[in-house]
């Protein structure tokens, strides 16, 4: 199923009397939760590794923080019904988004490439990211340029945010349950993927699985997870 086939159903399904859209508060709460999980994993991990990171990592970290913090502010503005402020800030955040995407791709092509032959956990995470991050870009494109409804926009934003969840969630799981007990770093991967999948499942159930894009998102996560094991252990 191609990404080009997943947008047309959203507009029609979200605007029918027989199938009313979920309230914006549903997407607001989930966007808050996902963004906070990302920050809770990102900030402690960044602080602990600060002295060993390269300048490219620091730039990427700053842009990541700006983007996720911006999403939290945007979600709060929607909750407060300050739609004009939300729209104006959204235009400014476009620059942050482009810089964030650029810094991520730069890391993939330089810093990460040098470490692909190290531990299996790094190959697992990197191969998963290489599938989910392009999906994030596609979902953001739909959220910004291909929607005419606040509900559809919020739907795409939530899917895009979930594509960024595994790295932050993995850091959070490692920091809370593995690092304090000097446990092997390898084993945070399965809980990270399982929780991400469970969140997608919960969202799909709330939407009654009416939106093809949510199904695509879940199938993509499962497929990328299976493929990551092949990359980590067979190649």
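Here the Cβ of each residue, glycine as well, is placed from N, Cα and C on the backbone.
TrEMBL entries are annotated by machine, without manual review.
The transmembrane segment annotation in TrEMBL covers 30-47 (among others).
Sequence annotations record features per position, and here TrEMBL assigns transmembrane segment to 59-77 (among others).
Positions annotated as transmembrane segment by TrEMBL: 89-108 (among others).
Marked as transmembrane segment by TrEMBL: 120-144 (among others).
The transmembrane segment annotation in TrEMBL covers 156-181 (among others).
As annotated by TrEMBL, transmembrane segment applies to 216-234 (among others).
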At a C-beta cut-off of under 8 Å, are there same-chain residues at least 6 beyond the transmembrane segment (156-181) that contact it? List them, or none. 10, 27, 30-31, 34-35, 37-42, 44-45, 48, 68, 71, 125, 128-129, 132-133, 135-136, 139-140, 142-143, 146-147, 187-189, 191-193, 195-196, 199-200, 203, 213-214, 217
Beyond the flanks of the transmembrane segment (120-144) by 6 or more, those residues with Cβ under 8 Å of it: 3, 7, 10, 90, 94, 97, 101, 104, 108, 112, 153, 156-157, 159-160, 163-164, 166-167, 170, 185-186, 188-189, 193, 213, 217, 220-221, 223-225, 227-229, 231-233
